[in-house]
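Asks: Supplied in structure tokens, the structure appears directly below.
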């Protein structure tokens with residue numbers, strides 16, 4: 001009799017997972033398979049689409065990398081130091097989660113535009129942020145910013161100070177302690193945060209459509225290209241591009257996870 005509650009619980013979880021995630025993906029590919037394969041291939045390999053794929057992956061990778069570096073620094077400061085306004089800063093980290101992405105894009109465009117507070121300063125040196133790839137990168141960094149911090153924070157908080165003190169007592173310098181004691185403990189969480197940040201940036205739409213020019217071969221990303229295809233009633237094109245992005249995301253995440261597994265087995 002004890003098996004039945006477990007079976008019911010597992011069945012509910014499987015059904016939830018299937019209807020929420022698996023079924024929509026299966027339906028997407030079934031709709032694509034109903035069309036002529038030459039047309040599907042033409043849509044998938046269109047030069048504009050290929051350019052959008054490459055730019056999306058490139059900018060998402062850069063955004064995750066930037067967030068990993070600065071996210072680690074911010075997490076270290078929040079967990080290791082006490083200062084006035086620390087609680088406010090800690091709460092503000094989650095702001096991108098709550099803020100609608102279109103509002104985020106509008107805010108970034110206002111601040112970093114040619115007439116904005118920061119954008120006008122860069123404009124004096126002939127450097128434009130909005131309506132360029134830099135704007136796309138900035139939007140991706142903003143929306144994926146909290147993931148690295150929230151992944152690293154619990155690990156740093158639970159790390160025992162005695163490990164560092166033991167390393168210092170054995171004559172290790174601060175850098176050696178960080179490299180040989182602290183960093184190996186943080187690597188799994190850092191990789192997880194990088195992966196989550198990359199995944200979030202890869203699918204961003206709302207803020208990018210507000211801050212970029214959305215022109216092909218310039219700063220057009222895959223999510224905006226899908227929206228443009230839907231506006232033109234090109235449902236096949238939107239479905240194919242969406243499927244390609246899905247496969248790219250899946251392949252990239254599997255690659256990152258495989259690298260993570262191999263690294264921590266050694």
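From the backbone N, Cα and C atoms, a Cβ is placed for every residue, glycine too.
Residues or ranges marked as domain 'ABC transmembrane type-1' in Swiss-Prot: 53-257. What Swiss-Prot records for 12-32, 59-79, 91-111, 129-149, 181-201, 206-226, 236-256 is transmembrane segment.
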Asks: As a test: from 59-79, 129-149, 181-201, 236-256, pick the stretch that has the greatest number of Cβ pairs under 8 Å with the transmembrane segment (91-111).
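Replies: If we count Cβ pairs closer than 8 Å to the transmembrane segment (91-111), 129-149 scores highest.
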Asks: By a Cβ-Cβ criterion of under 8 Å, what residues six or more beyond either terminus of the transmembrane segment (181-201) are in contact with it?
Replies: 59-61, 63-65, 67-68, 71-72, 140-141, 143-145, 147-152, 154-156, 159, 163-164, 167, 172, 249, 252-253, 256-257, 260, 263-264
